[in-house]
4 protein chains.
Amino acid sequence: MSDYLQRMQKPRNVYVNGEPVSHLSRHPMFCGAIRFINRYYELQQQDPAVHLVNHEYAASLLIPRSIEDLRQKGRSYKAVADTSYGMLGRTPDFINSAIAAIASHAEALGRDQYCDYAHNARRYYDYCRENNLYVSHAAINPQVDRSRALSELRSPSAGVRVTHYDSNGITVSGAKMIATLTPVSDEVLIFNMPGLTENDKDFAIAFTLDVTDPNLRMLCRKTLTYPEHSPLDHPIANLFDEIDCLLLLDNVQVPWERVLIFRDVEKSNAFYDRTKARNHTGHQGIIRGQAKAELLTGVATRIAQTLGLDRFLHVQEKLGRMTTSLDLLKGAIQLAENAATIDDHGVCNPDISAIQAIRYHFPLWYKDMQQTIQSLCAGSMLSIPDAVTLGVLPPQQQDELFDPYRTALLNLGWDLTGDGFGQRQMVYEIYHAGDPLRIAAKHHQEYDKRDLLATLDQLLHSSCQERNHD
Amino acid sequence: MSDYLQRMQKPRNVYVNGEPVSHLSRHPMFCGAIRFINRYYELQQQDPAVHLVNHEYAASLLIPRSIEDLRQKGRSYKAVADTSYGMLGRTPDFINSAIAAIASHAEALGRDQYCDYAHNARRYYDYCRENNLYVSHAAINPQVDRSRALSELRSPSAGVRVTHYDSNGITVSGAKMIATLTPVSDEVLIFNMPGLTENDKDFAIAFTLDVTDPNLRMLCRKTLTYPEHSPLDHPIANLFDEIDCLLLLDNVQVPWERVLIFRDVEKSNAFYDRTKARNHTGHQGIIRGQAKAELLTGVATRIAQTLGLDRFLHVQEKLGRMTTSLDLLKGAIQLAENAATIDDHGVCNPDISAIQAIRYHFPLWYKDMQQTIQSLCAGSMLSIPDAVTLGVLPPQQQDELFDPYRTALLNLGWDLTGDGFGQRQMVYEIYHAGDPLRIAAKHHQEYDKRDLLATLDQLLHSSCQERNHD
Amino acid sequence: MSDYLQRMQKPRNVYVNGEPVSHLSRHPMFCGAIRFINRYYELQQQDPAVHLVNHEYAASLLIPRSIEDLRQKGRSYKAVADTSYGMLGRTPDFINSAIAAIASHAEALGRDQYCDYAHNARRYYDYCRENNLYVSHAAINPQVDRSRALSELRSPSAGVRVTHYDSNGITVSGAKMIATLTPVSDEVLIFNMPGLTENDKDFAIAFTLDVTDPNLRMLCRKTLTYPEHSPLDHPIANLFDEIDCLLLLDNVQVPWERVLIFRDVEKSNAFYDRTKARNHTGHQGIIRGQAKAELLTGVATRIAQTLGLDRFLHVQEKLGRMTTSLDLLKGAIQLAENAATIDDHGVCNPDISAIQAIRYHFPLWYKDMQQTIQSLCAGSMLSIPDAVTLGVLPPQQQDELFDPYRTALLNLGWDLTGDGFGQRQMVYEIYHAGDPLRIAAKHHQEYDKRDLLATLDQLLHSSCQERNHD
Amino acid sequence: MSDYLQRMQKPRNVYVNGEPVSHLSRHPMFCGAIRFINRYYELQQQDPAVHLVNHEYAASLLIPRSIEDLRQKGRSYKAVADTSYGMLGRTPDFINSAIAAIASHAEALGRDQYCDYAHNARRYYDYCRENNLYVSHAAINPQVDRSRALSELRSPSAGVRVTHYDSNGITVSGAKMIATLTPVSDEVLIFNMPGLTENDKDFAIAFTLDVTDPNLRMLCRKTLTYPEHSPLDHPIANLFDEIDCLLLLDNVQVPWERVLIFRDVEKSNAFYDRTKARNHTGHQGIIRGQAKAELLTGVATRIAQTLGLDRFLHVQEKLGRMTTSLDLLKGAIQLAENAATIDDHGVCNPDISAIQAIRYHFPLWYKDMQQTIQSLCAGSMLSIPDAVTLGVLPPQQQDELFDPYRTALLNLGWDLTGDGFGQRQMVYEIYHAGDPLRIAAKHHQEYDKRDLLATLDQLLHSSCQERNHD
């Protein structure tokens, strides 16, 4: 049994259906995810050249110094993503890449009278690296009323706030939503996305937590797997549920060495950007997205072949929209790596502009891919009897209609597009990196438009001048 | 217990998970649908002025002679649809409206050496009307290979075909897919959509069947309800599953008096059009769609209010797109009624052009409504712990986050957009009346374009002439 | 020569290419519009049953008391629109319908120490009616900086403001943009769209002006006609240019009897809504839109036939999208009339909700129609030699390529979609009734959602209650 | 005067308005294009490191042997495109890149009893290179009836066909449409796009022609420039008209050494693909597209700033959609170069999959960019008086409304989106590389889907197997 699987034996406060779950690895809602997360560790054994640095530590924790380093990390990301067809968004390499970024830009965290946060970040990196840990994260505050600031909300669960602090550390209470896979991780990094206002000081914190902390409760959403159904009925939904949960913190004690930001709104808002964490988690994310898009393209292609649809021009166009999108994705991933720059810390950061460009467009491509699959299957997805029923049918030779491959294929189509599994994947792609509307708005603001505008002004001034000479 | 509920006690060959279901009304997968279908019969008691003709028979079976008759049918359709928020597409009034249309245009079915099919149609109407029956239907052939004709396919389940006939009747075998609610109906009308080719003669049949026929098996798809979950977890998905199933006919004997079309490709392809069945089922369908669109508009509006989003201009635009679509829908329904024409049989048929116009656009509106709800909820839909867990939480006063209404609302948002329930509703809207691409193509072909083209030609000829005078 | 044509002889300050235009009716930029506007008056002679009330005055000035009155106005609007294929947006009936609405809701204008504005409105109606005048309008303030209020802008042309007033009247200066067809009208109604802020008092005015006023200058935009080209080259662009212009008012004196609103921000913002002017101009506008959509549908159909494209399914779908949109438009126009209500003043006002629903969707349909035509013609539109060149070609019998009808048809396709003429028509449809984004936002706000929300709440409360019983 | 300008003095049969044009470089319809084409030659003098190979011949004629060679060609393409903001699609480097590709894959042309076509191709390359010629092309057959083959059409202008051949060469007659810039080029390459059928043998030819051939007539479409207007009125439309014309060939004699394909349907259909011409013209095309997209992004950004719109979130999103699209474009261009492969001939060909992916998506981005500019300007584009009128206005200090820069900017917005100039640019982008629908369909067909499908099959077979073990 791997170290990770052993660590998963440790009890933690996970609630499902109002009951605490005692053995996660035997529970149908968690065993799939644990098995797939464990593949991340297995790959380190099977292919250390790709997944380890100097046979020592995880490639995702490599602090990249060159574009070639980024490419190595990229190869590891892709192989990890392929194990779950890109459907597990929060594999260990995701936050690992952030932990490495934060440690290598630790000065951004600074120090104050209580603590040297930069030092904390570097030590935490060492700790994760030595123990090959799986760190999850929780950043999103429950959506109570988006038109008001955190500090204006009455709900005690509006976010996580400091309620007390002394020389030992800080005490925090409150909630975070959409903590993905935290129940099956070792650690959780808690922080905020930008947008806090100056009155939100008590919320402006970042810290790490051992997920077995007794004052941390993880309330899971309803599961999206069907334990009573065979893999033939749900070829992918039943592989794993990338469970999301609501974290409730009830007077959790956090020692100072685990604190990264303390009551500092400016640092909190700049956290993800200044540490370059978003560049590196973004890099992992877009590569993982490729694995996902490849599965959907394969599924659509095969369904069109199987149902005799691929001879129609308008179907071919839809399939071609998928392959062309794949090419755009590959090109933009290359751009993110090739346009990477080495900063003052000697760290090579993927180009955030290319990453955010993908993050704006990928959900649109993904939605379109889903809809193509839905349109190819049309009603057929809804006419598949379950596997047990199929099994009791009298054997009808040559009856393509009951062919298990065809059945699995159409059921996969439903899992990916019609079932809760597929829709969660969609919602995940649209929102996991922030509201696309704001991603685009920020892309415009941060884009280097000087050359574009200089060219334009030259044209316009020439128009104005020629007029004067007329 | 109503007559309908009593009839539902009769055994029928319904398979779920490989097992025959003995008591449908006690089975979690069927009891909801049965309860909601029964409301159709209850309404006849509660509001006979709307739902009965002369206190005698169902309004849906009225053969309309005037626009006012159509409007009465419309009022009944709407009240029936409202009981299930339009989410039950195949309530008894749907095919009832077709039964009335077929009977009143029975000459289209003609007669031959075996039988007088027109006579059959009229008698069947009387039979349904006297017994206040619930007739479902099965028209779609399993999608084996769309690029080939039925008769070219090897699968014995490619459609339903005549294997034998004699003076007693015909013997049929094969399959139909997406037979919606047939398990909880009394009768099923089996026919084909247009598109048979001349070699498909054996498939070119239409007939009715008592669903308790011992040689008819109904294989259900996987259910979309969650019997283990409370209504708070799935406010609408758990109300009912509008179950779809695959019909398998194994040497079913059909007496001649139940046959409507017999080995006649031309009549089969023209069946739905020439009997005006599609005008009248279409009329019911667009009105039912209104009930559905109204629920989604209400949900989106309330979510925007609850999450404090309705102050943002771009959110208001999305909500306004919903209300403007509702208005277009209402207008087109009025057009379908107001532009109705009385044909040679003295029957007043809703305008098929207006109906098909809605059928092309409604799925687009519906998809857009779903996406608006998804975008408003974003991750919040995925952060709701289940009801039992919420119940065991320590009471936290003022914590809006755990408010049951808010929980039910977000869960309803998920049911309608993310869950299998909601996606099936979407697939239903897109395909239940045929491929939208072909609906539009046919709308163009059938549209009366003479005035448009005459106006155009006048303009063009005037351009050509003026040139000659230049 | 008609009265209108005679009035057009009167000099007015119209500038084109920096020069004042002396004789509009002989100028290539104006003669087309004048000819087509005159058809409005000719129709009154030719078909008085439709276009006159009691053989006395224009149907557009009828103050409607019933739905039947609205329908009569509608028939007249349609016949007028057909004369220019809906491409002249500002025919006299457009503002006439507003003049009638304002007069019949004149109390909304009230009175103050200077004047009885309600009385002014009624008298102005009588004046227009007796003289069968053509009133244009100018409402939009030049777009200087949309993020600031009018009163914060330094530009003296930011809007029209009061600079002085005494017992004789008011003195106004400033500018209005997009005054459409004002040069060829008799009168212009100047007012503001909603959105003035409390500091904008000097701008908060409404009044009428004789367009021959010596202190009013009309600066025309560049023309979109091609005087040097034959009608074969530009079958519709050369019929007329619906010229837009910038109005510059330089100390214009307006007597009190022509003032409708005077330094009253609240009344100015409510003007169009409270007088029901927008209901009635909207009614004219949606009917005119129908004429336009009919022309484009005819053009697309004919191009598909001529180029042998109408056998392709994906082309048929595009054409069907046009005919289905036409049906939705017709339905919503019927709804606007059928849902009209009679107000306290005994005036029957078309339903604004239906009108605004169309106004949100029509530009989308229109853009789609344009793009369909563009996609059918593709490069062919750009390969047509001009008519003179075609005329000098050696006669090539049987050469369909040089057939004048085909040439005119493709040139018409270009005029409607590629040329400045067609793009102005598009911009007109998108913006003439306000920003579509805000139209939708307001539709949501004003929509009667009570029933929708009550139904929803019933469902949610039932979910919450059932949970309690579990 | 440059060699190119001198060559442009040679008479050729160009028709405008039915008249032959004697001096192109003095004619307002051609002088702009000639001036901008000449910049291509000037750049060779100004920056030979980029634009010449070994200071000897044009970079566009370089036969690339490595990715670095491709990048050099790319840099030259970009600098050439920037001179016309990407708005001149058919600068000399476009077909030059094809001439180099055809010569280096000349075996594809083969030889027969009449001629060695491969030899012809190589010699033609030398000829163009030595004389630094400007070769245009004409490939598209007039769109007479797309549902029939060329040989079924009666029109003598349906395409270019061989009417006679002997030992001196071949005689050809007929027409080609959309020959862009041919009047101002030296040579024209005439060929067919794929799609000829076996009966079209007489049309299945490719050859080159000196554009001064007396039996070649070039009939120009109507111009899109406004000679009577100042650059302030039309800042870009008046710079040049990239004139398209219809070529009429009347018994043109083509010597064998100029023939590349002769009555060979298979070779004609494979021409562009097998010679890799489409890879290299595609490479130039996508880089030119970048220049265009950059101008539009600059224009939209500046308009939003100038009109005070860039503070609105929904406007920022639109602007961000432009910058994110630019990034996708850059990434895909890099992919086209980085994924280039060296073929059997030692030629390094850009990746056609990446190129076609861009060609499918670029028109969508471009259309979206145009619509963003239109939506920002809204009516303001239509309210700009012409420059002469502005010039005679009394000086109004501080009146931003009449600021020449603002005027030029809004007029540029109109040129690019509303004017015939801008719409032709759009049509060009959509169709110059073939119907996007077919581009996507072919992309799907040619895409290497083996890995995708293998991954999928593994998942499906595992689902089927696990079922067997249940």
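Just so you know, glycine gets a Cβ as well, placed from its N, Cα and C.
TrEMBL has this to say about the protein:
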BINDING   D:GLN143, D:VAL144, D:ASP145, D:ARG146, D:THR180, D:ASP435, D:PRO436, D:LEU437, D:ARG438  FAD binding site
DOMAIN    D:2-261  domain 'HpaB/PvcC/4-BUDH N-terminal'
DOMAIN    D:269-387  domain 'HpaB/PvcC/4-BUDH C-terminal'
DOMAIN    D:406-460  domain 'HpaB/PvcC/4-BUDH C-terminal'
Secondary structure content, the domain 'HpaB/PvcC/4-BUDH C-terminal' (D:406-460) (per DSSP, counts of residues): 46 helix, 0 strand, 9 coil
Near-C candidates in D:THR180, D:PRO436, D:ARG438, the binding-site residues, by Cβ under 8 Å: none
DSSP-derived helix, strand and coil totals, residue by residue, for the domain 'HpaB/PvcC/4-BUDH C-terminal' (D:269-387): 95 helix, 5 strand, 19 coil
Distant-in-sequence Cβ neighbours of D:THR180 (FAD binding site), under 8 Å, six or more positions away: D:GLY89, D:ARG90, D:SER136, D:GLU242, D:ILE243, D:ASP244, D:CYS245
Three-state secondary structure, which DSSP defines for D:THR180 (FAD binding site): strand
PLDDT averaged over the residues of the domain 'HpaB/PvcC/4-BUDH C-terminal' (D:406-460): 95
Among D:GLN143, D:VAL144, D:ASP145, D:ARG146, D:THR180, D:ASP435, D:PRO436, D:LEU437, D:ARG438, the record's FAD binders - longest CA distance, Å: 23
